[in-house]
Amino acid sequence: MRFYNTLSKHIEEFKENEPGIVRMYVCGPTVYGLIHIGNARPMVVFDALRRYLEYRGYRVIMVQNFTDIDDKIINKSIEFSVDFKDISETFIAEYWRDSMALGVRAPNFSPKTSDFVPEIINAIQNLIAKNHAYVVDGDVYFSVRSFPRYGELSHRSIDELKAGARIDLNEKKRDPLDFALWKSAKPGEPYWKSPWGNGRPGWHIECSVMSTKLLGTTLDIHAGGEDLIFPHHENEKAQSEALTGKTFVKYWLHNGMIKYTGDKMSKSTGNIFLLREALKKYGADALKIFFLSKHYRSPIEFSEKALSSAAKAATRINETFLRFESEFSFAIPKQDSWINEKRSIFIDSLDDDFNTPRALALIFELVNSLNRAMDDGNERDALKIYHLLRREFCPVLGLFDLPERADNRSIEELVKILIDVRAELRAKKQYELSDMIRSKLRKVGIELKDMPQGTTYTFIKEV
C-alpha cells in the first residue's frame, strides 16, 4: 500500500507504527454554519480510506475534531446575542445530520476544543519552558525560529514564507511568522483562566493537543484539505515536535479543493453550495461518485452537469442491484480465480495512492457485466458479480450501503402494492385514480414505467 506523502513529496510504502493499528486524524470543521460540498469531499474521501484500511485488515482509530472556539463563532454569537456554545452546538448537531444523510461513518472520537482547554494550557506551559514560546501582554506566541525544521511540510524556507504567506502582522510578535498559542480575552468574548490571564486557545494548538492526547505522540496518518498545509498543518507539526521531540505524523495526506466558478469553495467568501441542498437534489451516492471519480489529490470543478452525470450513474447501479435482488437468490458464491482476479485489480487500484477513479471504473465495468449476465440468464456469473459489488467493493467506498438498502425494503414492498392497486384501477378504466397514484409517487421520488410485460419503477432524485 502506497500513499503520496506531502512531507516528502513522494509516494511511499505505508508502514504503520504499531502492527495492525492505524492512528488517523482528520481536521474537522469550524462550526459556525452549515457545511458545503467542499467540506464534504474530505469527509467522503477519508471515510472511504478508513473503510479500505479496515477491508485490508487494519484496526483504524480515527479522530476528527470540531473547532468550537474561533473568531467566526464568537462574531456570530455577538451578532445574534447568544452564547458561543449555542452557535457551536447548533452547527455540530447540523453537521451530524448532514453526515448521516451523506452516509459517512462517525469517527471513533470527535473532540471539541472547549473540552481540552486544561490540556492546551499545559502544552503551552511546556512550550514556554522549552523556549519555543513567549508571553506578551497576556498573549502567548510560538517562536518559529526556535524550530529549525519550520517550513518542511510546505517545502518553503522561512524567508519564502515571510514573503508570500498569509501571516498575521502584529507588533507584539518577535517575528511576523510567529503564531498565537493563546489569545488574551477581549471585552464580550468567552474566556478561560490561565497563568497568563483570561483568554482562549489559538487555532493550531488545539489539533496538536487533541490528536496526541487521543492517538499518542506519533500519528500514522494526518489528513485534510490542501488549503490547510500552510499555515495550519505546518504550525501543528512545529509545535507538536517542539513539544515532544518526536515525529508528529508519518504520512500527511491532503485532498484537492472543489472549485466553484473558478475559485475555492469557501464559507468565508459565500462561494458555496450547501451539502444538504446537493443531497436533496442528487442523493448521497451521486455525490460520492462525483467525489471519488477524481483522484483525491486533484482539484474538482463543481458543475451541475457533472453531478447530474453522477446521479444517472448512481441510478443505473441501483436499478441493476434491484433487478438482481428481484430475480436471483442471495447465496454466497464459491471463491474462484475470476473473483480473485477482480479483487486483486480492486486492491491494486486502491493500494496505489488510493486511486478511487480506477476502482470506480472497475465497479462500472462489473455493473455492465452483471446486466449482461442477467440478460443471458447466467445466474452463476450474476451471483459472483453481485457479491463482489454489493458485499465488497461498494461498501469499501461507502457506496449503496447495505443498512440504507435494508431500510428501503419496506418502501419497495409498499410500491409493489400500489402498482397492483393501480393495475386493478386501470383494468376497471379508472384512469384518473391510476394517474393520481403515478403523480403522487413521482412527487416523492418514485417513477412508474408502464411496459408491455408490466409496470416497473425507479427511484429518482430530482422531483
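Glycine is treated like the rest: Cβ placed from N, Cα and C.
Looking up the ranges 109-113, 264-268, 449-453 in Swiss-Prot, the one annotated as motif ''KMSKS' region' turns out to be 264-268. The feature motif ''HIGH' region', as given by Swiss-Prot for the ranges 29-39, 161-171, 337-347, sits at 29-39. Residues 66-68, 70, 72-73, 76, 87-88, 91-92, 94-95, 98, 225, 257-258, 260, 264-267, 272-276, 278, 287, 302 of the same chain sit 6 or more residues outside the motif ''HIGH' region' (29-39) yet have a Cβ under 8 Å from a Cβ within it. DSSP labels the residues of the motif ''HIGH' region' (29-39) in these numbers: 3 helix, 2 strand, 6 coil. Take the binding-site residues CYS27, CYS207, HIS232, GLU236: by the count of other Cβ atoms within 10 Å of each Cβ, the lowest one is HIS232. If you take every residue in the motif ''HIGH' region' (29-39) and average the pLDDT, you get 94. Within 8 Å of the centroid of the Cβ atoms of CYS27, CYS207, HIS232, GLU236, where the record puts Zn(2+), the same chain has further Cβ atoms from TRP203, HIS204, GLU206, SER208, HIS222, GLY224, LEU228, HIS233, ASN235.
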